[in-house]
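S.K.: Structure in structure tokens, see below.
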Amino acid sequence: MLFKQQAWLRQKLLVLGSLAVGSLLYLVARVGSLDRLQPICPIEGRFGARSQAEFPLRALQFKRGLLHEFRKGNTSKEQVRLHDLVQQLPRAIIIGVRKGGTRALLEMLNLHPAVVKASQEIHFFDNDENYAKGIEWYRKKMPFSYPQQITIEKSPAYFITEEVPERIYKMNSSIKLLIIVREPTTRAISDYTQVLEGKERKNKTYYKFEKLAIDPNTCEVNTKYKAVRTSIYTKHLERWLKYFPIEQFHIVDGDRLITEPLPELQLVEKFLNLPPRISQYNLYFNATRGFYCLRFNIIFNKCLAGSKGRIHPEVDPSVITKLRKFFHPFNQKFYQITGRTLNWP
């Protein structure tokens, strides 16, 4: 009889213990989530001010939960209306550059409670077929958000496509424009590496970087090679400046975003007139990946895709030297125009 009572007590304690642990885990997750979700102060600046009581405290819960359901098409128009959700045109666009870190920048900015990102590259302004579908088509490609949040999209082809500045200007002449750049030679090699990987997946051969970057007839830098042309940042920026003042651009140091992301993100917060919300808590270094990963709250973490951080092929040092010498005067002009000097050789 005593043995049965002891067994019954042990079973009872085990059940109670499981319930207690489960409740504790739920509370920890809930507190951690709410701490991250709640905007602590109103959104200020050019996007308008609103009191904390008026700003929906479910904003980030929506982003992490309801947004997933909207993308899957599991919600009705009535639910959209009840949650006061809208699809807004972007108030800021990451316009480039390719292989500069546009995806990393977008994902990191998405840590901010007032930012909602378009998950896919829309290619509205650089694609004639898409552009012909009209601005409402573009708007419907945007994520659902609260009116007080800012929608951001990124399409790195925008920076180098001639028609894009005028098209964006016609949509919103006061839009904020983000350009993330890396050291031009490194960016060109990264561009080449991505194309090379695609060729190798299809069992196709491809020229070595040196043969593409250097004209064999003149032994000079081949400016017809797209990876080289894209890295001449000042040439593309001058085209944008015909439509937008330099004050509407913010230059992000893509090399620094890899090694020391928080200061770069804080500069972007300031540029977008957003209250500072991204902290060191939201960023942790993954030694295995060699990159910073994102921490949204105590439960939800995210690392960038495995395709990020491809190993670059060995490049002849003399070619690297020649490229850096070629890019140098363009870099100096880029510093002068933008007012930001970067530590490029």
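If you go along the chain as it appears here, the first residue is 1 and each next one adds 1.
Glycine is no exception: its Cβ is also placed from the backbone N, Cα and C atoms.
What TrEMBL shows for this protein is this:
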type     : residues                                                                    : note
ACT_SITE : K99                                                                         : active site, for sulfotransferase activity
BINDING  : K99, G100, G101, T102, R103, R182, S190, Y292, K308, G309, R310, I311, H312 : 3'-phosphoadenylyl sulfate binding site
DISULFID : C293-C303                                                                   : disulfide bond
DOMAIN   : 90-334                                                                      : domain 'Sulfotransferase'
S.K.: Cβ-Cβ under 8 Å from S190 (3'-phosphoadenylyl sulfate binding site), same chain, 6 or more residues apart: which ones?
M.R.: K99, R182, R310, H312
S.K.: Measuring Cα to Cα, how many Å separate G101 (3'-phosphoadenylyl sulfate binding site) from C303 (disulfide bond)?
M.R.: 14
S.K.: If you count the other Cβ atoms within 10 Å of each Cβ, which of the recorded positions K99, R103, R310, H312 comes out on top?
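M.R.: The residue with the most neighbouring Cβ atoms within 10 Å is K99.
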S.K.: Sequence gap of 6 or more, C-beta under 8 Å: which same-chain residues meet both conditions with respect to C303 (disulfide bond)?
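M.R.: Looking at Cβ-Cβ distances below 8 Å from C303 (disulfide bond), excluding near sequence neighbours, one finds N286, R289, F291, C293, L294.
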S.K.: Restricting to the domain 'Sulfotransferase' (90-334), report the mean pLDDT as a whole number.
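M.R.: Reported value for the domain 'Sulfotransferase' (90-334) is a mean pLDDT of 95.
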S.K.: Could you work out which of the recorded positions (G101, C293) has its C-beta surrounded by the smallest number of other C-beta atoms within 10 A?
M.R.: C293
